[in-house]
Amino acid sequence: MGILLSKETRVVVQGITGNEGTFWTERMLAAGTNIAGGVTPGKGGTQVHGVPVYNTVQEVVEKHGAEASVIFVPPPFAKDATFEALEAGLKLIVLLVDGLPVQDALEVRTYAREVGAYVIGPNNPGMATIGEAMLGFIPVWLSYVYQPGNIGVIARSGSLINEVCSHIVAAGMGISTCIGLGGDPVPGTTLTEVLALFQQDEHTQGVVIIGEVGGSMEEDAADFMKVGGFTKPAVAFIAGRSAPPGKKMGHAGAIMTLGRGSVQSKESALSAAGVKIAQRPSEVGRLLKDIV
Amino acid sequence: MGILLSKETRVVVQGITGNEGTFWTERMLAAGTNIAGGVTPGKGGTQVHGVPVYNTVQEVVEKHGAEASVIFVPPPFAKDATFEALEAGLKLIVLLVDGLPVQDALEVRTYAREVGAYVIGPNNPGMATIGEAMLGFIPVWLSYVYQPGNIGVIARSGSLINEVCSHIVAAGMGISTCIGLGGDPVPGTTLTEVLALFQQDEHTQGVVIIGEVGGSMEEDAADFMKVGGFTKPAVAFIAGRSAPPGKKMGHAGAIMTLGRGSVQSKESALSAAGVKIAQRPSEVGRLLKDIV
Amino acid sequence: MKLYEYEGKELFKKIGIPVPRGIMVTSAAAAGEAAAQLGTEVVIKSQILQGGRGKAGGIKFAATTGEAREAAAAILGSQLKAETVSKLLVEEKLAIARELYLAITIDAVKASPLIMASAAGGMDIEEVARETPERIVREAVPIFRGLLPFQARRVAYRLGLAGKEASAFTDILLKLYRVFRFYDAELVEINPLVVTDDGKMVAADAKVNIYDGALFRQIDFVKGPERYDNEREYRAARYGLGYVKLEGNIGVLCTGAGLTMTVLDLINYYGGKPANFLEFGGATYKNSYYAMQLVLEDPDVKVILINTFGLVARADVISQGLAQAIKELKPTQPIIASIRGTGEEEAREILRKEVGLEPYANVEEAVRAAVKLAGG
Amino acid sequence: MKLYEYEGKELFKKIGIPVPRGIMVTSAAAAGEAAAQLGTEVVIKSQILQGGRGKAGGIKFAATTGEAREAAAAILGSQLKAETVSKLLVEEKLAIARELYLAITIDAVKASPLIMASAAGGMDIEEVARETPERIVREAVPIFRGLLPFQARRVAYRLGLAGKEASAFTDILLKLYRVFRFYDAELVEINPLVVTDDGKMVAADAKVNIYDGALFRQIDFVKGPERYDNEREYRAARYGLGYVKLEGNIGVLCTGAGLTMTVLDLINYYGGKPANFLEFGGATYKNSYYAMQLVLEDPDVKVILINTFGLVARADVISQGLAQAIKELKPTQPIIASIRGTGEEEAREILRKEVGLEPYANVEEAVRAAVKLAGG
């Protein structure tokens, strides 16, 4: 049911003894997440909400087995924690950190690709397979926002996930897996990569894409759809039509994007690929009902 | 006929306009080597012994096609030249340089493995498939030393290749491919890797291993034979029984080798794996005749 | 964090990238002295962070110290691209034969540093990119291996350079990559990279943007108030808030960039005008008090519109900050709020009890109400 | 190139690896002053390049400045492991609680830097490695990615360290890796890495070996005559020749390490004794003149034995150098030569015509002849 994460997935919580780690571990457990162990260097041997704590990810993997990790460590240590998880063989890493240096993000994404793993984030709210498990900050216990179902949700911005999911539920539908890709310049996983996973997931009947101004992930995804990489029904909402213009990055920014990156460019690319475009979040539910 | 190199292999000569590059290009051409182009940055557009010279390896590959490279550049530029060849997609690089920093050698070998290529060397005399092609300094035109045949020859030290091959020829046999792995601490290609190639080569009926004191390549190769990785008849000569003891590398050297590295350890490991041991180079021919 | 040209050139000089001889000054008199010291014709360049200063009159040439003083006096203190010019770089005037373009930035799709270079540098480089994209050479650098000389040379040859020019360019590019990596840059750019009449290659300009999220370890750089459009944006950043002043009258407080942008879009959709962009999501939700303070400072604000649908930003904690701000700062403007997400029950309770605020059921209702109150 | 302990510790100090307070001296008087300045009990350590100086009496403790002077006087000028002691490191005496072992070297098989560490450091570490190899923790470091903190921590935990000790060890290891990489080392070793009574971690010794083949870019280090066993080996190295003095009377000149070792083996096999190891292969074949000069300097040499079967070392060029040397230096000893490989026809011609030397047909014949002449 859904992609990447299920109630069977054994999870490591890195940075479990910090304030955030401890607070959200309780919520993740309540959401059904199968937490195998926590890690905080130097705190091995303790417990957090009944979860055993170890010094290294490798120890959790050796003692309990694990496939995934959710990382609650501050920016200076985030790259190290992610590499530790990847080197220990974990194939799904939810990297929540806000403030990862962009060149660290390059290394993280490159290494993740080398070892065939998915890093979701950084600077994201996490992900959840509704009714099964949650990694991060998704408030799956809000029943008017999250109900299990067969719609996949992919957002660049975390704050819109709740808003849009509430409209899906209001329209009488439910969600398989929702994923926040994060708002940083170099995401560990792209929209296209998640669409490819949803394409393979029999349980997911359609997806909602929550995009925003800047970058070219939405246009790249549209290209992917045009070559048949993703063929299920899809609705998109793109935020940022009236956003203040970004501070320009020399001439390089203009040369690199060359006409991609605006809300208009994203909407027309996705529309040309067969995606229905919502003008407001509240339209998502209706549009979805028409096509799924 | 032989391994890695044949008369069809299209070769790039890097550093072709230097003294050594120019001198040996003529010899390699005379030995039948199919040289597609030479490279010296800044000298593109010129010619050396009729071979067109380009600024980059990529240009040779695009214009003529190439599978291999032989590198005649000095130590400060050798890593760069090797990476250039590997990045251009070449799968056989003969890296002759004497004096490559050992940490550069680590990078070279690591990258070669990543892209599935063979770097032969550094600090080696090259290789030849007798009667077809030669890369480096092997004097294949000395007919009492080199005759085509079905014996593969692998040497760590270049200077013994001639000596041992002359005894093979004196015994009435000939050589398929001979390869000098080089005398540096971190060779781009190991004895074991070459044995695996000779195992696959139908033309090669037996091999001669020319080893020497230090390192553990011969013992590793013996391990490989014991698990069936190499099963053809083999003769070995190991030099260095009376070599002055190496200057010890702290305790680390002793801890790392732990009983490997001596002539005795190599001879007994190889002998236990079924290899005939020659006490002198002149015994190689007779021992070979007994088993091939 | 954008560096000024003169700061970027200091980094270049340190690593060995050739730059013109130059002196940074802050007065017309000093500009005259600098010109005298350089002993050549000079160019006087306003030090601002936005691009396009040349076309806006921020660069002047001077043949004498008197001219230098006059030119400096004319530029200093003027408004250029919304910045007040307080620093000038006085440099020897180069004898320009040709202008190249060279930049390293980040390719998010390939997840690698990206070299972009062109033989057609100068002010029209964006047009070159649009009209003749093949004249822009692009090379992605593998992040772990780094930029090796052969790849730098390849860029030089692809630009059509040869001989000493190819060598000089290769050397500059290798050093520029070290600047890029060492200083956690998201952009380093030299435009133009000048080839002089006597065949030298010189970085006539320098753009270096340090990635803000790496400033914690780039301790040589402090992003002070002069790097922000105004004092309020600077103060917002110190609290971890993203604030941008806009033209309208609806004061916006939101969690998360996506929801904030959506609220601005909805305000426009329903015919209103936002007074600002203000995002206090993520790890900074405790600063809702400061967020309210910032919005209230703006005399244009007629209505306050609060929208949260938090994830890590817990609604109850946000509401505590808001309630405190309302009690202390006593805003006279009406407040419209939609507060949802983790802790939303407690949040509503806090706002109701402490400041008598009744939250709206959803974002769109709240936006419509705010637009109506603002007279939209 | 091996660094002396005091040099290694300077690198450590620069990068922040804790070392004992210490002063390098070259006289007994200065040792006394250093002890006074340090103001504690001291240890006086002879600065030599070979290991095992402790067991050989090269390390002494002193409680007073007088004792320090005496101890220094006793060690200075003495012969230790074939080195004459000319430098001493006077250091504060540590209060040692435990001794760890830490090294980074090169794993040729995995082609990666290799960390080796043990909680059982000190002089018996090799025995620990033989008897209880599981007490040596090994971690290979991926060369492109480098050593990351998590891997350094893992080594600490695998050694059984915890708390502040684990943190201190992790910090030292990360810095030691930077020393290893930055200085092109083939070995960096701290033995013992001391845990003091008050819980600090201090590098009580420092071994840093720079890879000779990287000295061209490690321009802070020059391998001077003091790093060689004797002046002749130093001179040989300056010509690019590998020379080691041995006990016998057959002066050996060969191309290539493998052939040279084989010739020594054959000399022994046939009952002779080599006077030296001398290899002049590779790119240095033009130095055959200097090679002959070196061998002739050794008064033990009764016969000269030359064997080449060159590849890049061209026989004709080698023979020119040899002929010149024979003509100029006029050796009185008999010369036996087997000269083969690229250019061998011209080579034989040169030797015959210029110095009347008739080369042997192969190595073994030449060796047998030399052994016979040497009286073996």
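Each residue, glycine too, has its Cβ placed from N, Cα and C.
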Checklist entry - Looking at TrEMBL, C:GLY52, C:ARG53, C:GLY54, C:GLU91, C:LEU94, C:GLU99 are annotated for ATP. Which of C:LYS45, C:LYS110 sits in that same site? => result C:LYS45
Checklist entry - Rounded to a whole number, how many Å is the Cα of C:GLY52 (ATP binding site) away from the Cα of C:ASP205 (Mg(2+) binding site)? => result 12
Next on the checklist: Could you tell me the mean pLDDT the prediction assigns to the domain 'ATP-grasp' (C:9-219)?
Outcome noted: 95
Next on the checklist: At a 10 A cut-off on CB-CB distances, which of the binding-site residues C:LYS45, C:ARG53 has the highest count?
Outcome noted: C:LYS45
Checklist outcome for this item: Same chain, |i - j| six or more, Cβ under 8 Å of C:ASP205 (Mg(2+) binding site); the result in sequence order is C:GLU5, C:GLU189, C:ILE190, C:ASN191, C:PRO192
Item to check | C:LEU94 (ATP binding site), number of other Cβ atoms within 10 Å | outcome: 20
Item to check | Members of the binding-site residues set C:GLY52, C:GLU91, C:GLU99 whose C-beta sits under 8 angstroms from chain A | outcome: none
Checklist outcome for this item: Same chain, |i - j| six or more, Cβ under 8 Å of C:GLY54 (ATP binding site); the result in sequence order is C:MET123
Checklist entry - Ranked by the number of other Cβ atoms within 10 Å of their own Cβ, which of the binding-site residues C:GLU91, C:GLU99 ranks first? => result C:GLU91
Next on the checklist: With the ATP site defined by the record as C:LYS45, C:GLY52, C:ARG53, C:GLY54, C:GLU91, C:LEU94, C:GLU99, how many Å span the farthest pair of C-alpha atoms?
Outcome noted: 20
Item to check | Fewest-neighbour residue among binding-site residues, criterion Cβ within 10 Å, set C:GLY52, C:ASN191 | outcome: C:GLY52
